[in-house]
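Features of the protein shown, as given by TrEMBL:
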- 4-101: domain 'PH' (DOMAIN)
- 104-137: region 'Disordered' (REGION)
- 117-137: compositional bias 'Polar residues' (COMPBIAS)
- 418-433: compositional bias 'Polar residues' (COMPBIAS)
- 418-438: region 'Disordered' (REGION)
- 638-658: region 'Disordered' (REGION)
Amino acid sequence: SDHMENICGYLMKYTNLVTGWQYRYFVLNNDAGLLEYFVNEQSRHLKPRGTLQLAGAVISPSDEDSHTFTVNAASGEQYKLRATDAKERQHWVSRLQICTQHHTEAIGKNNPPLKSRSFSLASQGSANSPGVQRRPSQNAVSFFNVGHHRLPTGKRVPIMQPDHLVDVREMMSQAEGQQRDLIRSIECLPASGHLTSLDQDLLMLKATSMATMNCLNDCFHILQLQHASQQKGSLPAGTTISWLEPKISLANHFKNGAAQNFPAEINKPASVREEQSIAEPCQLTREPEEINPDEELEDICDDKEDDLGAVEEQRSVILHLLSQLKLGMDLTRVVLPTFILEKRSLLEMYADFMSHPDLFVAITNGSGPEERMIRFVEYYLTSFHEGRKGAIAKKPYNPIIGETFHCSWRLPKSSVATDAGTSSSAHSPSEQVTLPKDAEGQAEPDCYTVKFVAEQVSHHPPVSGFYAECVERNMCVNAHVWTKSKFLGMSIGVTMVGEGVLHLLEHGEEYTFSLPCAYARSILTVPWVELGGKVNINCAKTGYSASINFHTKPFYGGKLHRVTGEVKQNMTNTVVCRVQGEWNSVLEFTYSNGETKYVDLTKLSVTRKRVRPLEKQGPFESRRLWQHVTESLRDGDIDKATEHKRALEERQRNEERLRAETETPWCTKYFLKDGDGWVYHKPLWKTVSAAQTQQTDSN
């Protein structure tokens, strides 16, 4: 205990391959058994950037030099640190080892022994087990729960003997040898070629295997300490031992609520009780609602997403989440921590892909099929920058089934590009008569109006439908998207399964298109987003098609967010346009006549969408539905945001369970099932066709 002193000072900490080593101010808190670090000494009074619990940790001087050492926590988290010289390293290592041993032994002393561990079936039935008395422990996590109950007579209980620990030790020694062979095999791979020692999957395998062995060694050490400290004691016959959740509050340990204990119903805010008590959506009106664009106001909401550079503050939450995931695991049903959420629903994100409506409307003004295809490709590639709102890896809210989002855009006709010989406002009389009468007078005379509606039509699988139209230009787009998320080790991949169709009714053309995959990279450091995969755009009538490749960044070298593509006439196999650049920066279009056009996405004007005020929105419209979560995120109150989010998700689960019990099918509001896809209930192509039929009959 004479050496149990609190020490502090600067050490270098290894962050990642990009950032490398950085100086950080470390504090060893012996009383709490914690190693904390701060950006610098001046910020010591603030919340630490990172904290490791030393109970069960392993402190290892490195073989690579005389300055480096590692701290491997029982949770699997690791700090790789470097002192200024060998003497300072030894000082830190010895103090950390003493503190670690003290708090690890405390676990053995404060927890029941293993001498009479029972493996009876009776211990597996929680419903038959009596209440458990837990002893508080301030310095360590409590691992076991001891309960006493009488076993059925005549049944023998196998007792774990001390020599069982010897068998476990031998098995672990074999596993450690295999793990060392694995690491050696990976490190012997060449530094370049098809499979290298720096392959992301192999690096992930090294890290997880090492963390697994560290945790197993720590657990075995704890078992030995418990057995040694209590070897004179014994437990009554029939005692059972079952695993417990940690006694340390997970809400505090994992900071922003990986698993939180929420207050009782009576203590919940009124807004949460309101979220839980909203009637079953099918009991509300499911009739389509005609949104009056005159009720919509220009959106003044400008939620800039906070930088995730300080992700180390949430590292324990992320590590806790990653510990439960497997490579390739479907994340559809995984509840992600609230701090990574954007302040908008996925349905609104789809609307933000339409933030350049002038380019959208200009498609139909192309002088010929070739130019119209090229214009559509230009619009398509410019939509992702604003739709993603930059490269920050945050996730929009998962829409609740039945959730909808409405908005519109108004843009001056003079802002829409036309072909060389046509005015943007010049339409033939035949075009005018095809317009539905109920659309007249809704827009300002010198403006086009683009209306948008989206609906979450399915929960499992999560499918969204969205539709946009410009009545004045006889064009609309209908799409359905199924988002499939997978855990890929150091990143998360989202596949956008589905199809969209752009209808240019003036020309009788339909353009089918798909969407690229999205990836959240470097989820343990500073997460960022990139797009990847090949998408195709086709127009069967004209024979023009486009092939676009979103390139993911290679492990070494290469550019971020690179995209290439080409437009060609299928019948002649002639390439009429090539495109290259970055989807969030500058795009270069090279045409068959040798001309080149550059589009700087960062300088493109963004047309603000128009949205109804909250008080005029229905209870299942996105902004009203998620308003309390959004407000809490704006205020930086992650716990409160998590509580509101959890209330919405719980209500959705209860409604789904009720529908299953009553065998009540879900009824959508705006979209109808059409084969494998979903189609808007009142698309413009049906409205225009009906208007033309009515005019023909009247003539």
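Every residue gets a Cβ built from N, Cα and C, even glycine.
Please treat TrEMBL annotations as automatic predictions, because they have not gone through curation.
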Over the domain 'PH' (4-101), what is the model's average pLDDT?
87
Please list the DSSP helix, strand and coil residue counts for the domain 'PH' (4-101).
19 helix, 39 strand, 40 coil
Counting by DSSP, what is the helix, strand and coil composition of the region 'Disordered' (638-658)?
21 helix, 0 strand, 0 coil
